[in-house]
Amino acid sequence: MSVMVARKKVVRKWEKLPGRNTFCCDGRIMMARQKGIFYLTLFLILGTCALFFAFECRYLAVQLSPAIPVFAAVLFLFAMATLLRTSFSDPGVIPRALPDEAAFIEMEIEATNGTVPQGQRPPPRIKNFQINNQIVKLKYCYTCKIFRPPRASHCSICDNCVERFDHHCPWVGNCVGKRNYRYFYLFILSLSLLTIYIFTFNIVYVALKSLKIGFLNTLKETPGTYPSMSLTVLTVLEVLICFFTLWSVVGLTGFHTFLVALNQTTNEDIKGSWTGKNRVQNPYSHGNIVKNCCEVLCGPLPPSVLDRRGILQQEESTAQEGSCPRGPGTQEPLATQGSGQAQEAHPVLSLQVPVPSVSDTEMPEEKQRTPGELPVPSLDAGRAEH
């Protein structure tokens, strides 16, 4: 005889997380839902570098130095590694309040603000917090039902509160926050160096070819595998991509270098939190460029508080086998269906054993039986019958 228990599914926390994010590899990869521009970023980097390694690098390695393709490969691999690390990681999403926590916070707010007369606007939900002798306001998020930590903000695209929120970058397909800002900065820095490197050696390639066979003959030169397309046309295409990339990527790198030196975020700079009319000093700045850079780029990386791969509910299927004679009280219950949704019926055998009227607790200790043990009539009961 075997007793079967229904097979159920293991549900992990990332499957039930609110917000507009997508997860891959069982929750290990976390991105925004809008990933089209991220794929464009991959196409531009991979396409440009593929053309450079396929054509110009071979000629430059022979004519100038074999270190040219090696250094280009190092820059390319570093840029791709930091891009994927920025795109696939948790930027520092803050979990939303549970129903009990949200109700408790609402009670605290009502107790603090008191009863608001009808027709009047309730006061703003703000808490004052002191950092380095500077008062910082903690704002209440009506979506996440929490008071956001300092420097946190709610991303309207991902629909999550992000700690030390910098901005949402569609080029990397993710928010940029406390847990991936350093990788984002290293990505744009390495991409700037890679773009300058390819742009420079493309011009050197055309110049060397022009000195040997002339500029016009260089334009007419065709590679053996592509007889219909001039090799210089591909080089010009790379130069154009690098030229227009330089203006945006190098400028962006310079801007974020300025922010890192001040220990400031893009969100704070746009809102003018520490400049402009407020004239309030940045409480997070150490007053030293080196210390600010070390804190932002080399400080300890906090762990993710989402626990994306944690188990919410674990339901297993087990089978117990045993040999037991079927008594007259053995019955087979019919499979039933729930009223709300259809359920799978599994054959279950239950053994019903008659239970005496005297409970186990009323019996002496030496006569208490274990669960499933058949009752044995006592000698006193037999004598009473006779």
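From the backbone N, Cα and C atoms, a Cβ is placed for every residue, glycine too.
Bear in mind that the values here come from a model prediction, so they are computed numbers and not experimental data.
Now, the feature entries from TrEMBL:
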- 333-342: compositional bias 'Polar residues' (COMPBIAS)
- 347-359: compositional bias 'Low complexity' (COMPBIAS)
- 137-271: domain 'Palmitoyltransferase DHHC' (DOMAIN)
- 315-386: region 'Disordered' (REGION)
- 37-55: transmembrane segment (TRANSMEM)
- 67-84: transmembrane segment (TRANSMEM)
- 183-208: transmembrane segment (TRANSMEM)
- 228-250: transmembrane segment (TRANSMEM)
Cβ contacts under 8 Å made by the transmembrane segment (37-55) with residues that lie 6+ beyond its boundaries: 31, 69, 72-73, 76, 79-80, 83, 87, 170-173, 191, 194, 198, 201-202, 223, 231, 234-235, 237-238, 241-242, 245
Three-state composition of the domain 'Palmitoyltransferase DHHC' (137-271), taking helix and strand from DSSP: 77 helix, 19 strand, 39 coil
Whole-number mean of pLDDT values that fall within the domain 'Palmitoyltransferase DHHC' (137-271): 84
